[in-house]
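S.K.: Swiss-Prot feature annotations, pasted as is:
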type     : residues                                                         : note
BINDING  : 12, 13, 14, 15, 161, 162, 163, 164, 165, 166, 167, 168, 169, 272 : NAD(+) binding site
ACT_SITE : 130                                                              : active site, acyl-thioester intermediate
């Protein structure tokens, strides 16, 4: 049996708990700790039942055990407000931090766009936001064909899928996503909007992407690029679907997406959780494979090889 890299999950809410199930299926990652602040949280209860060590004392409850339990990677699914301190404390112990908050201390990672370009020595990687993971691949699909003057994304998510941490970070969500639309998506100017939909029954995550190209768009090349990128995202988020588009109106290119989750923790309508946690797991698998096989040529998964 192949050895695995041991991991800790910080945050026992929706994102942390959904991520737990994905890590439990990994060939190269082994979740051994879950950290929370509410001893009654469902996430901690599920983690304990799955055999993980748990603490409700926050990050300080984990620190004394990091070295003994050989934790090499930690996932922070708490809040942008506390991430900097969490990252500092764990980085000092040699742990690489995968940041699922909008804190954006480390470089952005959107797997099909820039996973292969990440610095292998980086100690903090930011997964942007759920809206960013869903939409930035589409902005990048357009910008790799021709220059994008302006990119705007609208992410609509079910209210039931949005926990208190995300609600506290709405401003950070929009700023971080807009920044990544520019830095990773390739738009000269980016804007992000999140809509929390209270509809019952809950709707699937839906995303609209608008790109304004500098020149008249090459419709055939952009359409081919978008379909190619859709296939790359589907390799780790099977429910990532192009519902309409690309639609061309002058220099404006519009793409409509729907994201259905795997239903690991919350039901399938929570595609926003799925795309975030799947992207984080995929990024960590790349890091873990490098740790386990430090050769120049590593093999993470078939999906990563095709990305």
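Just so you know, glycine gets a Cβ as well, placed from its N, Cα and C.
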S.K.: From the Cα of residue 130 (active site, acyl-thioester intermediate) across to the Cα of residue 161 (NAD(+) binding site), what is the distance in angstrom?
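M.R.: Given the Cα positions, residue 161 (NAD(+) binding site) is 11 Å from residue 130 (active site, acyl-thioester intermediate).
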S.K.: Provide the number of Cβ atoms within 10 Å of the Cβ of residue 12 (NAD(+) binding site), excluding the reference atom itself.
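M.R.: Cβ-Cβ neighbours of residue 12 (NAD(+) binding site) within 10 Å number 27.
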S.K.: Would you mind checking how many other C-beta atoms are within 10 angstroms of the C-beta on residue 169 (NAD(+) binding site)?
M.R.: 21
S.K.: With every protein chain in view, how many other Cβ atoms are within 10 Å of the Cβ of residue 167 (NAD(+) binding site)?
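M.R.: Step by step: centre on the Cβ of residue 167 (NAD(+) binding site), count other Cβ atoms within 10 Å, giving 11.
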S.K.: Of 163, 165, which of the binding-site residues has the most Cβ neighbours inside 10 Å?
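M.R.: Going through 163, 165 one by one, the largest Cβ count within 10 Å is at 165.
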S.K.: If one measures from the C-alpha of residue 163 (NAD(+) binding site) to the C-alpha of residue 130 (active site, acyl-thioester intermediate), what distance in angstrom results, rounded to a whole number?
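M.R.: On Cα coordinates alone, these residues lie 13 Å apart.
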S.K.: Where the record says 12, 13, 14, 15, 161, 162, 163, 164, 165, 166, 167, 168, 169, 272 bind NAD(+), what is the longest distance in Å from one Cα to another among those residues?
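M.R.: The widest Cα-Cα gap among those binding residues is 17 Å.
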S.K.: Test of understanding: give the count of other CB atoms lying within 10 angstroms of the CB of residue 130 (active site, acyl-thioester intermediate).
M.R.: 30
S.K.: According to DSSP, which of helix, strand or coil covers residue 165 (NAD(+) binding site)?
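M.R.: Assignment for residue 165 (NAD(+) binding site) reads helix.
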